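Q: Just passing along the structure, written as structure tokens.
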């Protein structure tokens, strides 16, 4: 039953299609509060990773940011990044802040800061729409802040963008709602949910899942999800002559409602079944399919990698499901042939070095990568870079983004509908018989061009 | 022609007939009493006449059938009433209580009031208060008044609406004998001043003294009607109602 | 006889539906499966009913209690930890002092966050994760969790609701809203807002029913437990002295005393029972979904209230069947949403309809069942604070306005924003002053109405380039239309029941209108800044300083001035309403509907007018809010924010204009927020928790609202005669005759 947790649940529904972070950085093990071991379920996840040493990670990271090895000089004036994140509210994404803080600590300790100057976060947390405006005003008025980075926000983001209004550049860490992908003067170095969803449609039409005549979609009822399904996913399939049936459920629908929705969409009989829901929805859908005693071909987003699902399944993933994401994941074996995979491994080494207990999955990784990118851009421009210079470098950044394999990075040129999105490639992986395998991603060099119609 | 009359007035509560086929009349210039023991259906009769309980049968006001009108519409036509427990608007001053009854509202008036509120002539209301010995209380809140004064404000509020007939529900309840007699005089004066009235009260002494005509109810059934003298003598009334109390109260 | 028609109609509809459903095995399966979710709704609804019977409180936090119970159990089962709410540590003061004197290594014991109840040494693997601390066995965890629920119920009674037992109904509603916020905030602090995986507690194997229907065994058990609980409650209330006394107390406190129980004792026991009941089902139901999070169960309070309302907060059996029915209906509507005749928006089933149809049905039943005028002896009484006739309003408001004007230009940007937020908040509170304060109609939908206006401004006014003053007025007028429609039930539904109906209306507006992609699409809903004669006074427009020249910091104070002018105009109007004949009629209706009707006042027109005026004011507030953020969003204008705003307005002082101004001060992001964060240095982490605690504390100590308390103090200082009255709650409807 679901009725209207939307009231608050809608906030979270965000997660919906979206959730850039989770898309890349599916959580393997870490638990909520107390403990976490990085090995956790990785073994049961089926992949064995080759560890990257801290020293190797320094080399890789220095190569990325263009900094000098060693610590920053703490007596020099700091470079301030305005950092906004949704925290202490419902929902909240504290792991993003942990990722940002880790990156700052690491850059200042090992990568020489920005030309010797330490970088520093000026943080502003949001829990309400009013807070977003407050943070925007605060950073606009603060002359030491020339670039703004967001963690993940489902509330307060619209008013933040409206206040900043392109006057200072914004890097959207993890886009969650419509506003994140349409904001003026903002960029995100990821394909975002729109890219992932559209890429999934293209993968189906390209015949990747065999001959498909009918597709069943169950998506959550928030505007972002509904619109994505309607504007991005369905048209591509319909144009290819595939019959699509969409049914919408509340973001927190469970049990009988989900079974009904799957049946109403024809999920039990269609060639491919596509759930587009946050992780709780994935659990419900997994359970509903089990109760219905059917095993359709399931293609879903990386949101379904989430920890609760893994826990609910006793440490594994739904067998045979295909997952659309950014084209790398923590479960695949590390390989030096894929830079993004190497970077993820380097990030994990940094986590192990400084803060092994932190929630390193979810939005933490992408935010970490964004701080490195800001350091890189500052290193190029120098410490006295103005907002305008930063804005032009940020929108002109050609990548590749740390930890994101998609190329090219070309802000404003990927899709007219979502000018914020700077990367148009996504990837698909499958979990089958206890093993992850590359279907069309960076590991087999078959990344999908999501927006290339 | 009667100002107010009912024909076959019947009120049912869940299969129980609280009032059964009651015919009564209030002629111009008359003070009509409605009496009966507790639960006889007196208040229910007034509720039915003023539109607060659904009823069957005819209710006529100046020859016009009003049984299908809302209670508000009946009040506006001129059927006024008071309540057993006063039921004043406790958030409003005494004067405001009267104003609520005397004023009418229009959309234009509302919009004008939004910009600049305007009060109708309140002299008429003050004189109603004065006539009931309530002069000087107009700025007070009902909760600051004595019980007797509250009762009178209830009457004053009913009068402020300029009714053509008034139904009074136990105006003397809770008053002592002296207050009650004083009230009786005022009611008589109102009727003599041209306001026909239907009066319910427990105080038999009061009712029998001041009324012109009486109806007696028991279990919703009309058991007798007539002048006070006729009622005093009626066997059925004596057994049903006066029986035990006639000796004490009627003599008072 | 509308009532008979309603009953007949409902029965007929039921038979038709049943027929349709039983034609298809799929539909039967959907309906049968919905019973599991329905069981939880039923349990929460039973908890609400029990609370209402025992202590006259409509407990909006019953869902939150179920969720909290689920989390206690989760913590114990996962690693034997019992989580504790944040408790202020007096030792930290000493520590702070020590640090001040340079003793940086000095640290005193902290109050723990978790208590380890099971062995902490043994790690184990649960659900694929290594977890420190041993899991507690099911029965142990269940008993400890329920014991804590019982303790919580007792504490809620002793600390919150007993002090409020003589307070106005609204004060108690506000306290339960505060509790809702607190419970959610604690869980988020301890377990974050993401879902946690929960293992099974009841056996989960599929059971084959006739016609090929399969139902997991735990759902069957759950329904069984709900039925047993209902039967026990029914029997206790029907046959025991305790139950009789509770029922007697719910009508009249003396009744209970006659039976030898103190009403206080009864309320306490019922609080414990209802908390345990909610907690138990939170624990039992979470595993069905295999996950628990801070929202899902919490917000089941909405359908649960609807179910309790259908049973008039009385019959346990009706409550239970309504709860089960809501669960089943929702699953069924979901299934048929792919039918061709199902209402569509942009080509696919109208989202939100699955959630709202049950409510609309319940509202219809209530409306048809209700009475246009309260009957003799109606027990529904809503006490509201005294609504004074405002005197000397002009000098006071002009003085305040002048001060605000000056402040807008001289304070720091953070404070300026806080002033703007308070001004916008005051507008919404003003709308509640008219509707709830003057006419006594409790509305939990004012933010939703504000949203209607905001979205109209964004989607219609901006799209058709309707210029500034007309755009927001148009938005407000559309809000009036919706407000009138949603206010229609008020003609037949009263008091707390009306509160629930308006809450359902807010949910419906949020789901059907704001959730409709046509309104809040991917393009977002932006609002262009207001300008007149080319003069832009939006909050983000650069502005020039008065004396020193040069650019000032954002936000633009002229936007604050614009808000100030709007607030002043609205205050002017609302004060005049109180002074005018319509105001008198409104208060007459609030005070006594029957006497008002007898005085020739049209009760229905007065109520409808109040709904219209309040919707207009809220609509203006929504437009201001749209200008403030440069956009409108559905969650900002949802049902939960509407609930919060009633709390703010009530605590400010719902019966007077000054109360609305005070209410504005305490809205989120308002002056009180900035005082809390910049002066008292309270961490953002605790703001939600403090907001909840603040609501409850204020409700207990100022049940008449802050403005009323100030007035009382002021008047007793002046020896004014109304002193004794200001804190005397007055009854809305007539006392029993």
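We count from 1, first residue shown onward.
From the backbone N, Cα and C atoms, a Cβ is placed for every residue, glycine too.
Unlike curated records, TrEMBL annotations are generated automatically.
So TrEMBL lists the following for this protein:
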TRANSMEM  C:6-23  transmembrane segment
TRANSMEM  C:30-50  transmembrane segment
TRANSMEM  C:97-118  transmembrane segment
TRANSMEM  C:138-161  transmembrane segment
TRANSMEM  C:173-192  transmembrane segment
TRANSMEM  C:219-237  transmembrane segment
TRANSMEM  C:349-368  transmembrane segment
TRANSMEM  C:417-440  transmembrane segment
TRANSMEM  C:472-491  transmembrane segment
TRANSMEM  C:498-519  transmembrane segment
TRANSMEM  C:608-629  transmembrane segment
TRANSMEM  C:686-710  transmembrane segment
Q: Grab the same-chain neighbours of the transmembrane segment (C:686-710) for me: Cβ-Cβ under 8 Å, and only residues 6 or more beyond its ends, written as numbers and ranges.
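A: Distant Cβ neighbours of the transmembrane segment (C:686-710) are 86, 160, 163-164, 167-168, 171-172, 174-175, 177-182, 184-186, 188-189, 385-386, 647, 650-656, 658-659, 661-662, 666, 668, 673, 676-677, 726-727, 729.
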Q: For the transmembrane segment (C:30-50), which partner among C:138-161, C:173-192, C:219-237, C:349-368, C:417-440 gives the most CB pairs under 8 Å?
A: C:219-237
Q: Out of C:138-161, C:219-237, C:608-629, which stretch touches the transmembrane segment (C:417-440) the most, going by CB pairs under 8 Å?
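A: So the stretch in question is C:608-629.
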Q: Which bits of the chain, at least 6 residues beyond where the transmembrane segment (C:219-237) starts or stops, bring a Cβ under 8 A of a Cβ in it?
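A: For the transmembrane segment (C:219-237), the far contacts come to 33, 35-36, 38-40, 42-43, 46, 50, 53, 202-203, 207, 243-244, 246-247, 277, 281, 284-285, 288, 316-317, 319-320, 323-324.
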Q: Counting only residues 6+ away from its ends, which parts of the chain sit with a Cβ under 8 Å from the transmembrane segment (C:173-192)?
A: 57-61, 63-65, 67-68, 71, 74-75, 83, 85-86, 113-114, 156, 160-161, 164, 294-295, 298, 301, 442, 496, 499, 643-644, 646-647, 650-651, 685, 688-689, 691-696, 699-700
Q: Between the transmembrane segment (C:138-161) and the transmembrane segment (C:498-519), do 3 or more CB pairs sit under 8 angstroms, pairs being 6 or more residues apart?
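A: Not in contact, no.
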Q: Going along the chain, which residues at least six beyond the ends of the transmembrane segment (C:472-491) come within the CB cut-off of under 8 Å?
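A: Beyond its ends, the transmembrane segment (C:472-491) has Cβ neighbours at 363, 366-367, 370, 372, 441, 443, 445, 449-450, 452-457, 460-461, 466, 498, 501-502, 505, 509, 530, 603-604, 607-608, 610-612, 614-620, 622-624, 626-627.
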